[in-house]
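Each remark here refers to the structure printed beneath this line.
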Amino acid sequence: MKPLKIIFAGTPDFAARHLQALLTSEHEVIAVYTQPDRPAGRGQKLTPSPVKSLALEHQIPVYQPKSLRKEEAQQELAALGADIMVVVAYGLILPKVVLDTPRLGCINVHGSILPRWRGAAPIQRALWAGDTETGVTIMQMDVGLDTGDMLLKTHLPIEDDDTSASLYEKLAGQGPAALLDALAALSEGTLSAEKQDEALANYAEKLSKEEARLDFAKPAKNLWQEVRAFNPWPVSYFEHQGQTIKVWQTSVLAEPSTKASGTIVAAGKQGIDIATADGMLRIHKMQLPGKKPMDVADILNSRGDWFTPGTLLASPEASE
């Protein structure tokens, strides 16, 4: 395999793990592009991205343009003479002139099996939709949103106890190895590109805090999927006793309830059972305002009066 001269573009920890894999490979990372430093923490101090911090540790030149649309930034990138540009959760749009600059173009690591779940939140949307499988796609970038030809795909079963946090970790483990495999095949000219089937494409829009509100008029299975998708952010919740109560862990009880949706059917050490449109949702772990996430059994010790059987939890429509 002929080592490649690589420009790496990425910003968060997920991207940094891929950069780390490249740094320990035979390839040469000649430059790193990342988002400008952002205010963070209580003091709102300007803080470098995880990718920038890693690049500086390895004395790699770092570029932080606010945009790659300006000719000056494009000429600066072209002057680096890279064979290929690897893009992982960078956060800036790459114009066509940039995509066409490296000899082998630009490739991207995406956290889904394309063309399903193009866009910003593929891990979360896969969980919420009840998908049984996800994975990583290495694709050749074009000007569309995750529409480029697919070069390599990995597959990962979604387990019942997976959350967005656990899937993120699993895909962050799969991605770097897949990237190195794709680069090796590209270097040797043995990789064939596969067009995406537009008929199978859908989009994973960013999650919003508004979406995180639980509606017990939905089936229990849907709510269980939702809670897993919104863990660790923005975390599913419901309003009760004038408080926002976050829900971290649930399970589905298949037995039907004759109670109205949102009614607390039982509350004890096992959890709080709530009637839904189909089946019951058992809440195992919650978080009261100003508190840490706790097992329901511990919350009932101090707030059992809030969750007595027969209590009706208001639906979003009723409380607006």
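Along the chain as shown, the residues are counted starting at 1.
Placement of Cβ uses the backbone N, Cα and C atoms for every residue, glycine included.
Sequence annotations record features per position, and here Swiss-Prot assigns (6S)-5,6,7,8-tetrahydrofolate binding site to Ser112, Ile113, Leu114, Pro115 based on sequence analysis. DSSP classifies Leu114 ((6S)-5,6,7,8-tetrahydrofolate binding site) as coil under the three-state reduction.
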Which residue, of the binding-site residues Ser112, Ile113, has its CB surrounded by the fewest other CB atoms within 10 A?
Ile113
Near Pro115 ((6S)-5,6,7,8-tetrahydrofolate binding site), how many other Cβ atoms are within 10 Å of its Cβ?
20
List, in sequence order, the same-chain residues at least six positions removed whose CB sits under 8 Å from that of Leu114 ((6S)-5,6,7,8-tetrahydrofolate binding site)?
Thr137, Met139, Asp146, Met150, Lys153, Gln196, Ala201
Other than Ser112, Ile113, Leu114, Pro115, which residues of the chain come within 8 Å of the (6S)-5,6,7,8-tetrahydrofolate site, judged by Cβ distance to the Cβ centroid of those residues?
His110, Arg116, Trp117, Arg118, Pro122, Gly135, Thr137, Asp146, Met150, Lys153, Gln196
